[in-house]
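A quick write-up on the structure given underneath.
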Amino acid sequence: MNFPDLIPDLKPAMPELRGRLLANAPLAPLTWFRVGGPAQLLFTPADENDLAYFLARLPKEIPVSIVGVGSNLIVRDGGLPGAVIRLAARGFGETRVDGDVIHAGAAALDKRVAETAAAAGIGGLEFLYGIPGTIGGALRMNAGANGGEIKDVLEEATGIGRDGSLHVFRNAGMRLSYRKSGVDASVIFTSVRLRGAIAPPETIRAKMDEVQKHRETAQPIREKTGGSTFKNPPGQSAWKLIDEAGCRGLRVGGAQVSELHCNFLINTGDATAADIETLGETVRDRVKTHSGIELQWEIKRIGIAA
């Protein structure tokens, strides 16, 4: 489907806009599942000031969504009304070192942040090497893996509010918990400051190699997937609950529960977003029936049905 083109009405109010603004832009190529409809508006800001300028002048009735590299995301088949913001590496992907602190733009890949830290002999960020996506997305959901999470290393984060205002958050003020941030969802994170601990680079690299080896042997990283689908319930492993409910290999249309890791859904080639979401809900129902436990989605689902 196509949405009404809003650009002719918006552009006159934004004469100094420097980023790229598109109407009815395909989102499927921007997600790891490779499914979903278009964005009514897709804006790629030139930098933080450009993002603030755009948001301040965007009519308040137009909803705003943020999309990173699409690694933990289902965009529904009807697409996404309103404005979708996508932070690009140019303008938001820088990483730099200051002592035992890593400064990173929100579009920097988690893996790159870990590599930057390792090269500088900064330990404690190895867990990021195994997390797909960008540091902005990791910050939003307090991402974690292999015994570490963002909350452990975060010093400060910067973001832009829906009205274009600048916000700076310290760790405690973000109220980070398991796969959750307490910061208002309308804030778009633009940069982060992470603190590690000085350590021998070879020790850090060895830990990162272990993380990568585990991913390659235990996760379907070469499939069209969104990463871990459901949060682990307290004291439980989501994959084990899914397996025990008989869902390993379960299919709906072109979507399948991974045979390798049950907490991963994959697009076998011709899945729709509806196939993937329906499969996820089927898994949730079967797990609830089998164990009485209600799994919570970890993957973000946005947009409207076709």
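Every residue, even glycine, has its Cβ placed from backbone N, Cα and C.
Features reported for this protein in Swiss-Prot:
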type     : residues : note
DOMAIN   : 34-199   : domain 'FAD-binding PCMH-type'
ACT_SITE : Arg179   : active site
ACT_SITE : Ser228   : active site, proton donor
ACT_SITE : Glu298   : active site
The domain 'FAD-binding PCMH-type' (34-199) [mean pLDDT, rounded to integer]: 96
C-beta crowding around Glu298 (active site), within 10 angstroms: 19
Rounded distance in angstrom between the Cα atoms of the residue listed as 'active site, proton donor' and Glu298 (active site): 7
Tertiary neighbours of Arg179 (active site) (same chain, Cβ under 8 Å, six or more apart): Met141, Asn142, Ala143, Gly144, Lys231, Glu298
